[in-house]
Amino acid sequence: MSVAGGEIRGDTGGEDTAAPGRFSFSPEPTLEDIRRLHAEFAAERDWEQFHQPRNLLLALVGEVGELAELFQWKTDGEPGPQGWSPRERAALQEELSDVLIYLVALAARCRVDLPLAVLSKMDINRRRYPAHLARSSSRKYTELPHGAISEDQAVGPADIPCDSTGQTST
């Protein structure tokens, strides 16, 4: 659980969070808010020097590992996260938050505008996995019947690579 301005945010533990059906995120904080909060946090501790893309990626992978540990050894017969104990739900919320924070920090360091990148990638995915060909199928787009596009046809906007300092290279 996170605390913002003295208010507990996130999983309220109420029935709505465990109810099946539609879920939507809070409108705030935005990804830009998260980027700024993390940048301020790191600056206050003089940690920017350690936040090279490689280090941020390794920290992200470590947090994904901690998230995976929450699911490890659970059986298919056990309830999903909605049925977990409040302690397990709090751990889930913290690890998902850590993953998002490091993902946003890595994207910022590499100068990738995540909201725009997501829109571009979803467009590519729609072309790779047309609903009429991919519905109820777990097959990769290269294995779908004729009509799905190939990888070389699904090229998105030009990437702007970053060097080890996080600066864009030209």
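Note: Cβ is positioned from N, Cα and C throughout, glycine not excepted.
Within the same chain, residues at least 6 positions away in sequence whose Cβ sits under 8 Å from that of His38 (substrate binding site) are Ile101, Val104, Ala105. Summarising the annotation, Swiss-Prot assigns substrate binding site to His38, Trp47, Glu48, Gln49, Phe50, His51, Trp73, Tyr102 and lists similarity to another entry as the type of evidence.
In the shown protein chains, 13 other C-beta atoms lie within 10 A of the C-beta of Glu66 (Mg(2+) binding site). Residues or ranges marked as Mg(2+) binding site in Swiss-Prot (evidence: similarity to another entry): Glu63, Glu66, Glu95, Asp98.
Marked as phosphoserine by Swiss-Prot: Ser2 (among others).
Under the heading N-acetylserine, Swiss-Prot lists Ser2.
Annotation comment: Swiss-Prot describes Thr12 as phosphothreonine, evidence class a large-scale study or a structure entry.
Annotation comment: Swiss-Prot describes Ser85 (among others) as phosphoserine, evidence class a large-scale study or a structure entry. DSSP assigns Ser85 (phosphoserine) to coil in the three-state reduction, outside any helix or strand. Every protein chain considered, the tally of other Cβ atoms within 10 Å of the Cβ of Ser85 (phosphoserine) stands at 8.
Look at Swiss-Prot and you will find 1-27 (among others) tagged as region 'Disordered'.
According to Swiss-Prot, the feature region 'Disordered' maps to 147-170 (among others).
Each of the binding-site residues Glu48, Glu63, Asp98 was ranked by the number of other C-beta atoms within 10 Å, and first place falls to Glu63. Other Cβ atoms within 10 Å of the Cβ of Tyr102 (substrate binding site) number 22 in total over all chains. Considering only the recorded positions Glu66, Ser85, Glu95, Asp98, the residue whose Cα is spatially closest to the Cα of His51 (substrate binding site) is Asp98. Gln49 (substrate binding site) and Glu63 (Mg(2+) binding site) are 20 Å apart (CA-CA, integer value). For Trp73 (substrate binding site), other Cβ atoms within 10 Å of its Cβ number 7. Burial estimate for the binding-site residues (Trp47, Gln49, Phe50, His51): highest at His51, by number of other CB atoms within 10 Å.
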